[in-house]
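Student: One structure, pasted below without further comment.
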Amino acid sequence: MASSNLIKQLQERGLVAQVTDEEALAERLAQGPIALYCGFDPTADSLHLGHLVPLLCLKRFQQAGHKPVALVGGATGLIGDPSFKAAERKLNTEETVQEWVDKIRKQVAPFLDFDCGENSAIAANNYDWFGNMNVLTFLRDIGKHFSVNQMINKEAVKQRLNREDEGMSITEFSYNLQQGYDWTCLNTHYYVELQIGGSDQRWNITSEIDLTRRLHQNHVLGLTVPLITKADGTKFGKTEGGAVWLDPKKTSPYKFYQFWINTADADVYRFLKFFTFMSIEEINALEEEDKNSGKAPRAQYVLAEQVTRLVHGEEGLQAAKRITECLFSGSLSALSEADFEQLAQDGVPMVEMEKGADLMQALVDSELQPSRGQARKTIASNAITINGEKQSDPEYFFKEEDRLFGRFTLLRRGKKNYCLICWK
């Protein structure tokens, strides 16, 4: 992605919500490489899909020759961003936040190149400059540059202040001051001139721009990416089970892959622009191919493959595809013990059972059948498989060979209803 027309290319992909001064940014990028940053607060022990667009934007800028700084908010994470939140965040302990900081830094690392010469990425932590700052320094050197009148008129704050049941504490109110000082420090140490953030961060970004200009007289700029929504208006990045996480221990690669496979036709080509590095021409050609093929669209599989590889690597992608194929075909011979562990984590419904159980009880306990009577009829109708093998004996008791790796048995009713038994 060439630096000279980078903003135009981002706009073509729908990745630009606002730029604080588009003309100035275009001029600055035309002059040569720029240092830019994006902040990630440790509000959980993993990033989720909502973080992926700004994180990939950092990568896009680095590919164009610019220097990305990934800032993990070890200090701001102790406070919590109140922007557009209906209630105050729970305060976590320093030990918990530090643990989350370490995990998030490790998650960010594979997306950026930290050893590529002058535009090598930098990982920073704002606890480094806030950790030993006393309250007098904070109020005198930072607080005096912020207007309370302006802050309470920000839409993100007004929404909370106008609620009768929920106000805003001084702790949360100070978040904007903290974030403002982040950019001042990054501008001083790394000459950062551009911040990337979600469109819900616009008011924080403009405050940071004002503070940096006042303290350093430096012209800095902000670019926000859109908050992703689906074509039907519902929130992106959520499933019935909650958020889709980047940590494979919280959302398995299989579940992650399936999330993208299930993308609606109305969203898939837009998401290819947001979440992959395919060119616009390649995406348009794929869309045209899908329209004219007369078959099921290929785009969802391309999207799932590209994003799963980005987040979980080739090994994670191949495991996800292997599990998908085995569940579709009914043949489990290619699955490893680790694959079954993914299924147990979040791939299919799971039930724990004691050894010695019979098939009818397993169907009831797994909720594949409502009663033993109904289970008996379903088994007799040849609609149940155990590890891919048909079983029509209602009196069947599980055998040792049914316990794959000594731990797992996969039941299926019909073609699509699965449950994994994990033996105690």
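Placement of Cβ uses the backbone N, Cα and C atoms for every residue, glycine included.
Per Swiss-Prot, the features are:
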- Tyr37, Tyr175, Gln179: L-tyrosine binding site (BINDING)
- Lys238: ATP binding site (BINDING)
- 357-414: domain 'S4 RNA-binding' (DOMAIN)
- Lys144: N6-acetyllysine (MOD_RES)
- 42-51: motif ''HIGH' region' (MOTIF)
- 235-239: motif ''KMSKS' region' (MOTIF)
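Each of the listed features needs to be described in terms of its position in the shown structure.
Tutor: Remark: Tyr175 (L-tyrosine binding site) has Thr76, Ile79, Gly80, Asp81, Pro82, Asn204 as non-local neighbours, by Cβ distance under 8 Å and separation of at least 6 in sequence.
Cβ contacts within 10 Å of Lys238 (ATP binding site), excluding its own Cβ and spanning all protein chains shown: 15.
If you take the C-beta of Lys144 (N6-acetyllysine) and look for same-chain residues 6 or more apart in sequence within under 8 angstroms, you find none.
Beyond the motif ''HIGH' region' (42-51), the same-chain residues lying 6 or more positions past its ends with a Cβ under 8 Å from any Cβ of the stretch are 72-74, 77, 80, 89, 97, 99-101, 103-104, 107-108, 198, 227-228, 236-237, 243-247, 250.
Listed by sequence, the residues of this chain that lie at least six past the ends of the motif ''KMSKS' region' (235-239) yet keep a Cβ under 8 A from its Cβ atoms are 48-50, 228-229, 259.
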Student: Round to a whole number and give the Cα-to-Cα distance in Å for the pair Gln179 (L-tyrosine binding site) and Lys238 (ATP binding site).
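Tutor: With distance taken Cα to Cα, Lys238 (ATP binding site) is 27 Å from Gln179 (L-tyrosine binding site).
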Student: Which residues of the same chain, at least 6 positions away in sequence, have a Cβ lying under 8 Å from the Cβ of Tyr37 (L-tyrosine binding site)?
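Tutor: Counting only residues 6 or more apart in sequence, the Cβ neighbours of Tyr37 (L-tyrosine binding site) under 8 Å are Pro68, Val69, Ala70, Leu71, Ala124, Trp183, Leu186, Tyr190, Val192, Leu194, Gln195, Ile196.
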Student: If the L-tyrosine binders are Tyr37, Tyr175, Gln179 per the record, what's the largest distance between their Cα atoms, in Å?
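Tutor: Answer in Å: the longest Cα-Cα distance is 18.
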